[in-house]
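Here the structure is laid out as C-alpha cells; the discussion comes afterwards.
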Ligand SMILES: O=C(CO)[C@H](O)[C@H](O)COP(=O)(O)O
Ligand SMILES: [Fe+2]
C-alpha cells in the first residue's frame, strides 16, 4: 500500500550526460514527480539548465515536472517553462517585485504555482497569497547546490505552514527541499510535509538502487 507522500527526485544529482535515461529510470523506480532545479548564476551561485533542456527531457516521462526556479528576474521566463512542459512552477519571492503577478502568470498558463521559502524567509509573505497558490516549498538548505546538510530549524516552519494550509481549507501541497535522506524524511513528514525532494538520497548507489532509495524515503 502506498501512503500520500510524494517523492520528487531532484535531477541535480543525476548523470547530466544522460539526463533523459536518468529520468526514465527514476520514473520506472516509482517516483511521483520529477524535480528540476533551474539556476542562473545570479540569484544563486550555480548554473544548471534552461527551458530548452526541460523541453528535451519532456518525452522521457509522463510524470509531473516540478520546476524550481532559482532565477531573477523570473516573469519573462514563465511562458518558456510552461511551453517546455512544466506542470508546476515554483519561484522565490525575493526573485521579483510582484509575487501576485508572477503567480497569476503561472496560473494563466494552466500550470500549478508554488512559492519557495528560503531558510530565513518569513512566513508572512504567504499571508495574502494562500488563496492563489498550489504549493509551498520550504528550503531546508540554502539554495544553489545539492548535497548540503538539512537545516533542522526549518521543521518548526514546516509545522507552522501545515497549520496555515489546514486552516485555509485549500488543497496546497507542502514540499521540502534540501538534505532529505532516510533520517530527515520522517522528520519532515511528521512536521507536515507531503512532498519530499531528494537529489543525493535518490541517486546514491547508482540505477540499481533508485527504487529502494525512493521507497525508503516514502517510509516503505
Ligand atoms: O533546490 C535545490 C538546491 O538549491 C535542490 O533541489 C536540493 O538541494 C536537492 O538536493 P539534495 O537532496 O542533494 O539536498
Ligand atoms: Fe530544488
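Note that Cβ sites are derived from N, Cα and C of the backbone, with glycine treated the same way.
TrEMBL annotations: computationally assigned, not manually curated.
Look at TrEMBL and you will find 37 tagged as active site, proton acceptor. TrEMBL lists 177 with the feature active site, proton donor. For 10, 68, 144, 145, 146, 147, 177, 178, 179, 199, 200, the entry in TrEMBL reads substrate binding site. The annotation divalent metal cation binding site is assigned in TrEMBL to 35, 37, 68, 177.
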Near ligand 2, which of the recorded positions 144, 146, 177, 179 are found, taking a Cβ distance under 6 A to any of its atoms?
177
Starting from each candidate's C-beta and looking 10 angstroms out, tell me which of the binding-site residues 10, 200 has the most other C-beta atoms.
10
By the DSSP assignment reduced to helix, strand and coil, which category contains residue 68 (divalent metal cation binding site)?
strand
Pop the Cα-Cα gap between the residue listed as 'active site, proton donor' and residue 200 (substrate binding site) into the table, whole Å please.
11
Cα within 10 Å of residue 68 (divalent metal cation binding site) is the criterion; apply it to the recorded positions 37, 144, 146, 179 and give the hits in sequence order.
37
Considering only the binding-site residues 10, 144, 179, which fall within 10 Å of residue 37 (active site, proton acceptor) when distances are taken between Cα atoms?
10, 144
Between the residue listed as 'active site, proton donor' and residue 10 (substrate binding site), find the distance joining the two CA atoms and give it rounded to the nearest Å.
9
Cα-to-Cα gap, residue 10 (substrate binding site) vs residue 35 (divalent metal cation binding site), nearest whole Å:
5
Chain-mates of 10, 68, 144, 145, 146, 147, 177, 178, 179, 199, 200 with C-beta within 8 Å of site centroid, substrate:
12, 13, 37, 141, 148, 197
For residue 146 (substrate binding site) and residue 35 (divalent metal cation binding site), what Cα-Cα distance in Å is obtained after rounding to a whole number?
12
Residue 35 (divalent metal cation binding site) and residue 179 (substrate binding site), Cα-Cα, nearest whole angstrom:
14
With a radius of 8 angstroms around the mean position of the C-beta atoms of 35, 37, 68, 177, what other residues of the same chain does the divalent metal cation site pick up?
8, 10, 12, 36, 66, 67, 90, 137, 197, 199
